[in-house]
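Q: Submitted below is the structure of interest, expressed as structure tokens.
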């Protein structure tokens, strides 16, 4: 299905002009949205609970308040706290202070789409979802361009929800490179599927399986690390720049031939069937409920998964090898740690 890409010149209404904007949360996305909007001339305050993020926002020059106070002062509110915290923040701090005719925004549709947050009918609901982590949203903005984003007008109580979403996307720099209109359902389900089946879950499982295959065949773990993980960035960067075509033009004929004949042996029809099952769990809300239930129980499953992942042999070997490769580290990593 074809989509329309919108740019700065398509944002015809300065819907945020003269409005008080509250960014709720000052983590990876929160600091980027807030700083970019401020640099674009908007009136931005921060709503965040006491702690490191509260202190960081004040150090960065923002008027900073407890969440409820910030919401009460604002005309447009953007919720950029982690997904698992948004429901409680909304019920305890946002909902009691939300004014009729105000606008409530999100950068991911999880809580709205799956029904964990229900907004009164007299409030606009919108989304602006940059397709990049917060430190890149900020860095690319300061470099004079930006990152692509999705935007949604979900609940149009005032008749201006779409204009607010587009002006927000412009204010954080995304409309410089292009924004696409979508729905909460589409953004949420596609985003979760991409993370689980390909970008995070699928990729790490593939790398780990490749590493284990080589080391179980008595190849050196250090060499296996280079072959299945370290060189991944080189290939992904080529695809990022020019798709499969540029990647295949840049590798050897041997590698390209192996790509065509072996890829289908790894990603079989059975794998695709499993991907469809993963998508079904997302669409039905099963994954969302499992995630929320684990959080409410104190994260026993997530904690166990993290502990097991930390102890993987590929992680231990990689940590040692990267000590001799300072070029694998970057300032962006530091920025992400500061604002997560």
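Cβ atoms are placed via backbone N, Cα and C, with glycine included.
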Q: According to Swiss-Prot, 26, 27, 28, 29, 49, 53, 83, 84, 85, 86 bind NADP(+); identify which of 109, 115, 134, 144 is listed for that same site.
A: 134
Q: To the nearest whole angstrom, what is the C-alpha distance linking residue 83 (NADP(+) binding site) and residue 231 (Mg(2+) 2 binding site)?
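A: That comes out at 32 Å between the alpha carbons.
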Q: Write down the Cα-Cα distance for residue 227 (Mg(2+) 2 binding site) and residue 26 (NADP(+) binding site), rounded and given in Å.
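A: With the alpha carbons as reference points, the distance is 38 Å.
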Q: If one measures from the C-alpha of residue 195 (Mg(2+) 1 binding site) to the C-alpha of residue 85 (NADP(+) binding site), what distance in angstrom results, rounded to a whole number?
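A: Computed Cα spacing between residue 195 (Mg(2+) 1 binding site) and residue 85 (NADP(+) binding site) is 20 Å.
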Q: Could you tell me which of these recorded positions, 49, 108, has the greatest number of Cβ atoms within 10 Å of its own Cβ?
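A: In terms of Cβ crowding, the pick is 108.
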Q: Can you tell me the CA-to-CA distance separating residue 108 (active site) and residue 227 (Mg(2+) 2 binding site), as a whole number of Å?
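A: Just about 34 Å between their Cα atoms.
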